[in-house]
Amino acid sequence: MTGVLNSFPYKRQLQNGSGNSSPGLKPREFFCRFFMKKDTLFKEKKDLVPPFEFNEKVVHVFDDMITRSVPLYKECVRRQAQLAAGFYQKGTRIYDLGCSHGNFGMQFHHNMKETAFNMVAVDSSQPMLDQYQKRLKKKEFNTSLSLVCDFVENIPIANASVVVLNLTLQFISPDKRDGLIQSIYQGLNPGGILLLTEKVIHDTVDIDLLQQKFYRKFKRENGYSDLEISQKRDALEDVLVPDTLEQHRDRLMLAGFTKMDTWLKWFNFAAMLAVK
């Protein structure tokens, strides 16, 4: 992958000083500023577990929930922001599809320093965007950042140098995923990058069960009880529908991507990049 990167804008920008090679804030320094209440949403036994949704209750505990539920989440966002800062092309757009309350956007802004940029941040949860707006008010942005409440598959992608899909595709109906990735590819400028993070499954049953075992272990180590893990899993049933890594690669190739890599992997979580 190193040889391939030499031909991309990321390498050139770091050499001529137009990019930003700052490692960003220390892992805990950035996210802990925005930690809210502890996630106890599934702590009490429920007779009927409702389907999971990104409502106000989830927003209030989101940072705690995601850092205790997604392995290497902070590391992933930090490195994505660095990649995005390197690939961003002046005069283009960056799309954060499924932006939640802005962890990627805030880290990206930090990495860009005084460099202006144009970002379109999209989420279907208005409570998430309301929280994002509150965070933006605490910062002075030398940039254009638009918050859009809509389903990401409805957003036209145009003049993009960076598109981010962080734990988003898995919540979209499977029959709409190919079309979304194709739309992203068509809307990316040459040299543009797609950053994709997903929970994945394995097509070999024994390996998939092993990955699930270690994921449950990870959540227990982060303080979740077996009841919480079980009820959260029930809530996500048919709401979060993961693909295999092979399905993701096939979808990217079908859209037209030929340069791609899985740059971060932890059992059943993977972060990918694809360059046009």
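Each residue, glycine too, has its Cβ placed from N, Cα and C.
Pulled from TrEMBL:
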BINDING   TYR73, GLY98, CYS99, SER100, ASN166, ARG233  S-adenosyl-L-methionine binding site
DOMAIN    94-192  domain 'Methyltransferase'
Integer average pLDDT (0 to 100) for the domain 'Methyltransferase' (94-192): 95
DSSP residue counts for the domain 'Methyltransferase' (94-192), split into helix, strand and coil: 42 helix, 28 strand, 29 coil
CB contacts for ARG233 (S-adenosyl-L-methionine binding site) [other CB atoms within 10 A, all chains]: 16
Diameter of the S-adenosyl-L-methionine binding set by C-alpha atoms, the set being TYR73, GLY98, CYS99, SER100, ASN166, ARG233, in angstrom: 22
Spatial neighbours, same chain, of CYS99 (S-adenosyl-L-methionine binding site) - Cβ under 8 Å, 6+ residues apart: GLY105, ALA121, VAL122, ASP123, MET128, LEU129, TYR132, LEU147, VAL164, ASN166
DSSP-derived class (H/G/I helix, E/B strand, else coil) of TYR73 (S-adenosyl-L-methionine binding site): helix
Other C-beta atoms that fall within 10 angstroms of the C-beta of TYR73 (S-adenosyl-L-methionine binding site): 21
ASN166 (S-adenosyl-L-methionine binding site), number of other Cβ atoms within 10 Å: 23
